[in-house]
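Below is one structure. I have some questions about it.
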């Protein structure tokens, strides 16, 4: 396999070299080159986590205010999160400043490569250098091969990437490290110089490569980490001003790894747990906020009894087991619900508005969420909801009718694809609410009962017989 | 209760009337509060299952009802009537709208709709879970009304309290037990109440209500035939004993006419309401009552002499007509194979019928005759109080009390035939025990009161309130005093209410209470205490039964480990959940019919047979497949498009009601249709065994193989904890099936049919191969029922 890959490489290299020739001439508006690039790809979980350190130099005449990162289209689809920070200062006293990253169009990018623009804190004046650290994550970037395995087989996956960092700039020197979860690496492509040391593959250093250089590499290795994929997660956060925040989470969980071929033997699974079903998983950990109460874990046919809740003052951990262990390709659905004290999450802002401060992402640790919908159900009668979220999401409004509602509760729906645990950061929903609405439903009940009694009294005092007797 | 007022010495007549009416008002309020409490009790005693387990639908049939309710709430009533369900009885399907008693689902669906239109977001499941407890509260109120009509409000309250917690009824109406009987018992008692009410008042209004209540009962449960036979029996009894009155006519004739018309509106009954033998008794009595009514009418307008002439004339003509009618009837009835009776009804008339002819009815445990302990378990002390109640009903015998007697006698018989019909007995037993307890308290407390100095109170009221609740009885005397004091302080206003109550009370006999029966004081006190003790014992037993015996949802099993922990066996849902998420939505799953409803409801997969058991041949086919060797079984299943086979196996954890224990029924039912399956082949010397002594047919049948596949690897010996023996054949391979899923405790095992093997070695020509297959099939034709 390695041989065939190697045969592919020169051809691809040629193409990219050709493309980059065209590219260089046009992207000269901002003349930036990268002096040194180091990329560390961590493949030890189901998410590929990439640390990219770029030392950027402005070789042009004008000051450069931003740096473009380029991703091949296949990677861009799986890109869950891109973060960048600028490092300044010397080694010991390094300080980091967060940089804004946003998707941008790179008009001259070859083969539909997608670009992300990193806005620098201070424009880079000509001749100056700066160090940018970029962290990005790729979901579903490891493809199981063979795609179907039996219960006793380990799970092998392919990881595809380029030995060269895709960049719209010329890179003077670059190195790529790929970390695999085990020493069992079946095969890997070579783009000399390539080294392998137990769990790490080293590609490079490569000197002086033109922009948009590309050299596809393929790594085939064992990865038995649970590929727990939440295909769809709907989180409903319902605010009650009577003091409770009710969270209901609907999960559609799947095992995204190599599919189980045919037989599942319980006797093998139970008697040889180490050798059988190594890539399967049977429990998950949900990290919930502290002071959680009334936790339930069920699915559409009833309660699932296999769960455990541990709480302390700082966090709550809910350990859940789906009804059956999940093997490759198996699915399961379940619902987790819990209540939280409202004062921990709802605050009043200075302008009199109220705001909810809550975590966005999926509380299950080590999972990837393909589609996350967060529904913030505001109390009946609240107005002007606005959400402040540190990353782009789609949002729209709905109306929900719950206990004895008349006009319905406004629901702010936030949708995001490709969510990884790094998205578990707080977001805020601001809205205005008049506390008088809290009394609407109790008053309604009271008046109903009152009218009931009143009508009873009236009935007893009215003679409705036709004939007086 | 009106007459003993004269015993009170002192107040003038006007104040006596005022205090009496006020006392009535207070009695009414107290009775109302007690009734509310009884309703709360009836509801809450059934919540043990939710508290101890969870809010979930129980057992088998409730899952079907739940699924139908879901369909109803999702698609509306018209789609429900026209629903052809293709998820069951594959490939036949089932017309749900025309084959279910829709009362329960319509009730729950209506509740759900009302609640949701008020924007109270209850799920269909929640509504279904709590329908049964709600209706058991209604049933106890209906029992109060019925007993009040027979023996006064004291007996009514006692009967309601007893019915609220009678274990027999609890067994069918705990929260989650979403079954027809849950609403049907209410409908039954309420129909009887309206019948008695009509009989007592002669009001056409109640007669119409009665027909509507009967209609609801017909909607709810097949047991409506009990009503339509019991009421004619009672009418006949009244006529024979010379108790014919116009009230009887009004109570009966509209019921038959309206009731039959309404009953035939229910699709599942339809023309059965006039065609099957179960209903003939009512028509016969309908004719008789008209003849009798005519006779009474003619007697009224003719002189005695003329009447005699008319009688001879009518009798001779009438006899001839009757003979003709009966001859026609017999001819019609005889033309049908079961003599116009359904199998279950025949089982009731001839208890040995099912075991002789219909194994599928006999195989259901709830169709077996009950044992004596089950009477004690299900109605407890009521069994001893019922005779006393019957005696009380004879003093004096009225139309209504004779009805109650008839009810208890017939229901005792039916409960003796089928353990399931203990449910019909329970209300009757409660009513009669309520009467007995109430009468006993009446006599005893009156004796105490007359002998205690200082309390020259009103015995009838005291006894009435004592009778209202067995437990609080000793505390009632001070309460009565308080009531009287209060009565003197405030003048009464509710004249209308008083009148109403008087009207209601008129039919209840008051003459007996004049006959003062005074027992010795000590004996009375001890007897009261003993009765209270008896009541307390009953309460303790009922609470125990509700909490321990009847609350298990049967889809979740629990066991207590030695260190006090609770171990949950949730294997059924594990398997159904696996099926629903990891198989194709159109895959067919074969299993024994017990699990059909659950598979369609929880796993949403198509099944071959389910608990409806309407097609014996189809069930026999599955039974045959399960009792056949692997290859033949594969062919049967394959011809039915089956993809997965599900078996329930308890050998690892000792779950006794598994498929191996039910297996002989599969053999019997299969053998009943396909004679090549012979029960003796599976028995060694008449004994059913699975150890080394078992017959080779047994050890090679599909059920054995699927149950015990790789079982030996769990403990090395293959020790079956249910049968308490080592299995006979330990190491074997499956050739036509492969294991795809086994639950955590091995209770459910799911196998997949292997795909048809490629034909190799020279059979390249398609025509040739198919011909060889068919010839092969011909050879085997006797063994495989489908070719």
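In case you wondered, yes, glycine gets a Cβ from its N, Cα and C as well.
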If TrEMBL is the reference, give me the range from B:93-118, B:249-274, B:457-482 marked as transmembrane segment.
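Going through B:93-118, B:249-274, B:457-482 one by one, TrEMBL flags B:249-274 as transmembrane segment.
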Can you check which of B:354-374, B:375-395, B:543-563 TrEMBL lists as transmembrane segment?
B:375-395
Quick test of your reading of TrEMBL: among B:491-515, B:516-540, B:566-590, where does it put transmembrane segment?
B:516-540
Pick from B:213-237, B:613-637: which range does TrEMBL record as transmembrane segment?
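Based on what TrEMBL states, transmembrane segment spans B:213-237.
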Given the ranges B:127-146, B:647-666, which one is assigned the annotation transmembrane segment in TrEMBL?
B:127-146
So if I exclude everything within five residues of the ends of the transmembrane segment (B:182-207), which remaining residues of that chain have a CB under 8 angstroms from its CBs? That is, six or more out.
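Same-chain residues near the transmembrane segment (B:182-207) but 6 or more away: 103-104, 107, 131-132, 135-136, 138-139, 142-143, 145-146, 149-150, 163, 169, 172-173, 213-214, 216-217, 220-221, 223-224, 226-227, 231, 245-248, 250-251, 254-255, 399-400, 403, 407, 423-424, 426-427, 507.
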Select the range from B:25-48, B:127-146, B:213-237, B:310-334, B:402-419 that forms the most Cβ-Cβ pairs under 8 Å with the transmembrane segment (B:425-444).
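Result: B:402-419.
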Would you say the transmembrane segment (B:213-237) and the transmembrane segment (B:402-419) are in contact under the rule of three or more C-beta pairs closer than 8 Å, pairs 6 or more apart in sequence?
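Contact confirmed: at least 3 Cβ pairs fall under 8 Å.
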Using a Cβ cut-off of under 8 Å, list the residues of the same chain at least 6 residues beyond the transmembrane segment (B:280-298) that approach it.
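Contacts of the transmembrane segment (B:280-298) (Cβ under 8 Å, skipping residues fewer than 6 from its ends): 228-229, 231-233, 235-236, 239, 244, 248-249, 252-253, 256, 260, 274, 307, 310-311, 314, 318, 329, 333, 340.
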Return the stretch with the most CB pairs under 8 A relative to the transmembrane segment (B:152-170), choosing among B:25-48, B:213-237, B:375-395, B:516-540.
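Between the stretches B:25-48, B:213-237, B:375-395, B:516-540, B:25-48 has the largest tally.
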Write out how many residues of the domain 'STT3/PglB/AglB core' (B:586-645) are helix, how many strand and how many coil, based on DSSP.
33 helix, 10 strand, 17 coil
Could you pull the average pLDDT for the domain 'STT3/PglB/AglB core' (B:586-645)?
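Mean per-residue confidence for the domain 'STT3/PglB/AglB core' (B:586-645): 90 out of 100.
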Which residues, given as numbers and ranges, are at least 6 beyond the ends of the transmembrane segment (B:249-274) yet have a Cβ under 8 Å from it?
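Tertiary neighbours of the transmembrane segment (B:249-274) are 81, 97-102, 195, 198-199, 202-204, 207-208, 210-212, 214-215, 218-219, 224, 228, 231-232, 235, 282-283, 285-286, 289-290, 293.
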Do any residues, 6 or more residues outside the transmembrane segment (B:310-334), come within under 8 Å Cβ-to-Cβ of it, and if so which ones?
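Sequence-distant neighbours of the transmembrane segment (B:310-334): 277, 280, 291, 295, 298, 302, 340.
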